[in-house]
Amino acid sequence: MTDAPLAPPRRLAALLSRRPAAGRARSGALHRFLRHRLAVAGLAAIALMLLACWLGPLLIPYDQLFIDIRHRFAGPFAGPHVFGTDQLGRDLLVRLLMAGRISLTIGFAAMALSTAVGTAIGLVAGYRGGLVGAALMRCVDAVLCFPSVFLLLALAAFIRPNVVTITLIIAATGWMEVARVVQGQIRTLKARDFTLAAELMGASGFYVMTNELLRNAVGPIIVAATLTVARAILAEAYVSFLGYGIQAPVASWGNMLNNAQQYLGSAPWLAIFPGLMITVAVASFNFVGDGLRDALDARVEL
Amino acid sequence: MSQDHDEALPSARTQGPSRRRLLALGASAGALAFAGPLAGWVPGALAATPPTKPKGQAVIGLSQEPTVFQPLKLHIEVDEAVYMNLFGTLWRSNPDGSFAPDLAAEIPSVENGGISADGLAWRVKLRPDVKWHDGTPFTAEDVKYNLALLVDPKFLSGRRAGHDLLRDVTVVSPTEITWRMERPYAPYPAILSWTWFGPKHILEKEADINKPAFAQNPVGTGPFRWGERVPGDHITLKAYEGYHGPGPFLETLVIKYVPDLTVLYTQFQTGDIDYIGLQGITPDHYDEAKTLKGQVVQPVPKATIENLALNTGLPVFKDRAVREALYLAVDKKSIIEQLYYGLPVPTESYLPMQSWAFNPDLPAQSYDPEKAKATLDAAGWAPGPDGIRVKDGVRLEFTNSTTAGNHLREQAQQLLQQNWLEIGARMTISNLPPAVMWGDYWMLSKFESAMVGIDFMVGPDPDATDYFSSHAIAAKGGGGQNTTQFDSPEADALLKDGAATVDRAQRKAAYLKLQALTRRELPYLPLFQYAMVQGVKAGLEGYVPNINTQENCWNAGEWYWA
Amino acid sequence: MARFLVSRLAQSLLLLVLVSVIGFGVLHLAPGGPMAQFALVPGMSQAQLAEIAHAMGLDQPLPLQYWQWFSRLLVGDWGHSYRDAQPVLAVIAARLPATLELMGAAIALAVLTGVTVGVLGAVRRDSAFDVLSTAGAMVALSIPTFWFGLVTIYVFSVKLGWLPAGSRATVGDASLWGYVHHLIAPACVLALVEVAVWSRYMRSAMLDVIDQDFVRTARAKGLPERRVVLHHVLRNAWLPMITLAGLELPTLLGGALVTETVFTWPGMGRLFLDSLGYRDYPVVMGILMVSALLVLIGSLMADLVGAVVDPRVRLD
C-alpha cells in the first residue's frame, strides 16, 4: 500500500490523457495483445496461479490450519513438507495456496468494487460536467491528496479485519484513479460527433452515458481494472504488514509475511515464498495491463 | 501499556550460571525469592571497580519511545526509563523488595519514628546535600509542591491514587516534611518509590503546567542530566557530577528508540546497542543470541504474569466449571517450551514467585483434555450437532483478543484454539490495535476473553485490589482494572485486610488465601511468569536486574565499562 | 496566468479544507482513542480518565471539536501532541528533515538511474536491453517495498554485515560516512519503484520526440547521433519529466512511510505510524495536512512548469 506500487493507474491516467484516441480501433487488439510476450506470460501465470490455489489444496495431504508444534520450522525441499513448515508446524505450501485464494479474492473483489464506483463517478462527472462534475472531481482530488498508505491505515482503524472489510477499505482507497481515467475519457468522447449525433436523435442522457460513451471508454477501463487488481493485492500485503490485516489463523500472503519478519534470520523461507508469490502475482497483472494498454490503444504504435 | 509489550520471560534453566547470573536470579534456578537482602549488589562488589571519573558511553535500546519528560505528568511505562536516570525519588526499590533512600535521609518506619504505630502520621527526613542539576538546593518545599501537584485537579497527573490520602502536608524544615494519611494504606511507600520529583522553582513558573516548557530541558536530581533529544531516534543524557549518590560512572547515557524488535536485536548483534531494555530480546532469538561473542545474554524474571482473562460477566464464563475445563485443556507445556523456548516459568498465582507474599502451594495445572470434557459433561454442557457444547441455549463459543502484532501471543492463541476445539469450545481470534484493545474494550469489560500480561503488584507491594476488588469493576462504575468482573465478597475482605495493616505477617496470610481463592475461581487462567531476555555488551558492568521496577535501566548511574 | 494562479490557489485551499474534514472525521470516528494508552497506567481510575478526556476536549461533540481545531489552525495554532504536549508543528518539524533527506536521496538516485535506463532503452528501441529493462521496471513496480526492504536487511545487514540494519546514524558517530552508510539501503529501497517509473516515462517521452521533424533535421544535417540524442531529443523530452516529479510526490511520501518503518528511520512516516497507534489526533492531523500541502504544491508546480515550458497547455 505504499503509493509507490499503487500508482500505476494514476500514471496510466497521465499517459491516457495525452492519448485522446484511446478506445478506438480495437480491431486487431487480440492480435496485438498476443504479440506482447510478457502480457501473454502474465496471463498464463495468472491462470496457473488460480488453478493452483483452487485445486492445489485438494491434492495436498495437509490441512492449512493443523498445528503440529513438534515439527515447526522444517526446512523446504526436504522431508514431507515441500515448502517446509511455518512457526506452528503447518505445511507452508498448502498455506501459501490457501492464502492465494484470499489474496486473489481480495484483489478481484476490490477491483470490481472500485472499478464500478470509479466508473460511475467518472461517467457522471465527465458527462454532466459543470458544477456536479467539478464537485465530484474535487472530492476525487481531495482523497488523492492523502498518500494512499495514510488513508488505508486510517480506514483500517474502523474495521474488524476479515476478507470483506479488508476488500472494502482497499476499494475505498482505489476508486479515484479509475474515476479520473473515466472522466478524462468521457470528456474527450463527449466532444465527438457520435455523441452529438445520439443527442440530436433524442437519446436520453442515461442512454448516451451507458450506451455510447461507456462502450467507447471500455478499453481504458479494462486496463485500469487490471492494474487495480495488482494494486489491491499489494495493498492487502501492506495492510497486513503494518498489522491491520486478515486475522490468524486464516492465511493471506500479506499476513504470512508479517509473521515471517522475525524469523528472517533463522527461517528465511517463511518470508521468501509469500514475497515471491506477491511479486509474481502483481507483476503478472501489471504485464497483462501493459499488454492490454498496447492492444486497446492504437496510438501506442508511435 | 506494559501488558501488550511484554514479550519476554523468566528462566527455570540457568545454563552454567555465572556470578552475574547468580546475582540476577537469586542464586538458583526458579528461585523463589532473591536469596535474602542482596547487601552486596552495589557495583563495588563486582569484579572490576568503577572509574573515579565518569567515562565512556552506553547505549540503551528501547522498542518504544519516551516522550514525556515532566515526571509527574501522565506518562507511560517507557518514559520511566528516562526518569530513573534523570530524576530522583524519596527512595527506590532494591531487587529484594526493600527500599534504599535516595532523596530521603532514611526510610521512615515505625521503629525509627518515621511512621506512627497506626500508620497515619508520617515524618520524612531529607538529605541535606542534594542539588538540582541547575545548582539550586533540593528542599522539603520541593517535596510539598510535588505532592500537591499530583492531586491538583487542574493538572494531568500521572497518579492520584494513594497521594489523595495525604492531609496536612507540612514543611518542618528544609530537610523535614510531615503529613497525615486519611487511612492506613500499606502500599504507599511502594508508590513513593516510583514517584519522581521535579523542581518547584521551575515548575511553578510554567505558564501552562499541562504543556510544560520544562519538558524541553528537564532538570532533575538524578545521576544524569539532560543532554539532547532527537525525536524519533534517541535521547542523550550526560553525567551529573554533583550527584549525591554513588556514580555516575558513565559520561554519556544514550536512550535509543528502535521501534522494531527484530531490528533492535540486529543492532545489538552488530554492537550499535550496548543494552536491550524494556522487552529485551524476543525468545525467538534467544538461542542465537546466546552464541554471540562479546555480548552477555541472560533471562531475567519480570513481575508480569501472562494470563487468559475471562470476562466472568458473560453467561458463557459465569460457570466456574467452564473456566476450570478451559484451563485443563490448555497445553501450557507446549506454549512455554515450544513457543517461548522454555524461558518463562509456569505459574498458578498472580504474583511473581519473588514476592514475599507468593503462595508456592497452589495446585499445579496439568494438560488433561479428558478431564476437561468430563468436567463440562458433569456441569451440563453437552456437545451440539456441530461439536460445540451448549448449555441452556448458551454456546461454548467466544472470541479471544490481544494486541495485534504480538507474534508470540498470536501463535499461542492459535494453539489454544486447537486445544479448546478438542473439548468442544470454539474460540475465534479477534486481535485489535492497542488504541482499541486497551480502551473501553478492555477497561469496560467489552471483551470476551483476552490474552494479557499483567503486573498485579503495586511496585514491590503485592496489593492487587485494583484487579480483584468488586469495587474496581469499571464496567459497573468502579474505579479500577477488575476487567474480568470478578466479584467475590471473600476476596474483598482479604484485600481489605491486606492493605489496612503494615504488619507483613498479617498481610501475607491474607494474600496467601487470596491466591488460593483466585486459583480456585479462575477469573484469570494463569499461564506463566515472564522473563525478559536481557542483552548486555560484555564489559558493561554494574547493572542489576530488578523485578520491582518496570525498566531494567533503573540503576544506570552505577554502570561502568570494565 | 495570474488568474490561473489565483483560481488554482483558491481550489487548493478548498481542497485542504475538504482534506481536513475527511481526515478529522475518519480519525475521530474510528474505534479506540488516545485514552487507551493511559488506561493501563497503574492506579488509573475511570473518574481520572474522564477528567483527562475532558481536559483534552474529547468529551465534546465531534463537529464542535472540529471547529475548535480548525479555528485554531486558521490563526496558526496546530495544537499540541496528546503524548508529550509539545506543539504539533515542532513535533513534525523535528521529523521532517529525516524524511526529506531520505526522499531527496531516493529521487536523486531514481532520476539518475531511471533517466539513463530510459534514454538507453529509447535509443536502442526493441534491443535486448530495452526489453529487459521494460520487464525489469514492471517487476520493480510489483515488489512490495517492505518485503524488498526486509530482504535487503537480511542480505546486506544480517548475512553480509555490510550495511547497518536501520536508524539514521550510529549514536556518537557524527561523520558524514556514518550518515551515508545508514542512508544507502533505505534510499535504494525507496528508489526502486521510482527508478521503474522514471525509466518508463523517460523512454516514452524520448520516443515521443525522437521521430519529430527537428530531430530528423538534426540527423539529416549529419550531426553525430550522440549529439542528436543529448542536445535535441533529451532536452525536449525533459519537459514532461518535470511534471512527473510533481505528480510523484504522494507516491514518494507513501513509500517513505513504509521504508521508514522497515528501516526504523526517524522520519515523518514513522511518526505518523506511532501517532496513529497512540491516536494522537493533533499530530496525525498535522501530518495529513502537511503531506496534503506537499502534494498540492507538487501538482501546482507540475502544472505551472508544464504551462511555462509548453505554451500549448492552456491554463484555465
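Including glycine, each Cβ sits where the backbone N, Cα and C put it.
The feature domain 'ABC transmembrane type-1' is assigned by TrEMBL to C:96-306.
According to TrEMBL, the transmembrane segment annotation covers C:12-30 (among others).
Look at TrEMBL and you will find C:102-123 (among others) tagged as transmembrane segment. Long-range Cβ contacts of the transmembrane segment (C:102-123) within its own chain (Cβ-Cβ under 8 Å, at least 6 residues beyond either end) map to 129-130, 133-134, 137, 183, 186-188, 190-191, 194-207, 210, 225, 229, 233-234, 241, 245, 252-253, 255-256, 259-260, 265, 267.
As annotated by TrEMBL, transmembrane segment applies to C:135-156 (among others). Same-chain residues lying 6+ beyond the ends of the transmembrane segment (C:135-156) with a Cβ under 8 Å from its Cβ atoms: 117, 162-163, 165-166, 185-186, 188-190, 192-193, 195-197, 199-200, 255, 258-259, 261-263.
Tertiary neighbourhood of the transmembrane segment (C:176-197): same-chain residues 101-103, 105-107, 109-111, 113-114, 117, 136-138, 140-141, 143, 145, 148-149, 152-153, 156-157, 163-164, 167-170, 244, 248, 251-252, 255-256, 259-260, 262-263, 265, selected by CB-CB distance under 8 Å and a gap of 6+ residues from either end. Per TrEMBL, transmembrane segment is recorded for C:176-197 (among others).
Summarising the annotation, TrEMBL assigns transmembrane segment to C:237-263 (among others). Under 8 Å from some Cβ of the transmembrane segment (C:237-263) lie the Cβ atoms of residues 98-99, 102-103, 106-107, 111, 115, 145-146, 149-150, 153, 165-167, 185-186, 189-190, 193-194, 197-198, 201-202, 205-206, 208-209, 269-270, 272-273, 291, 294-295, 298-303, 305-306, 309-310, all in the same chain and six or more residues away from its ends.
Here TrEMBL flags C:283-309 (among others) as transmembrane segment.
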Determine which residues of the chain contact the transmembrane segment (C:12-30) at the Cβ level, with the cut-off under 8 Å and only residues 6 or more beyond its ends counted.
-> 62, 65-66, 69-70, 73, 279, 281, 284-285, 288-289, 292-293, 296, 300
With a Cβ cut-off under 8 Å, give me the same-chain residues at least six positions beyond the ends of the transmembrane segment (C:283-309) that come close to it.
-> 1, 4-5, 8-9, 12, 15-16, 19-20, 23-24, 27, 69, 73, 78-79, 81-83, 88-89, 91-92, 96, 239-240, 242-250, 253, 268, 271-272, 275-276, 315
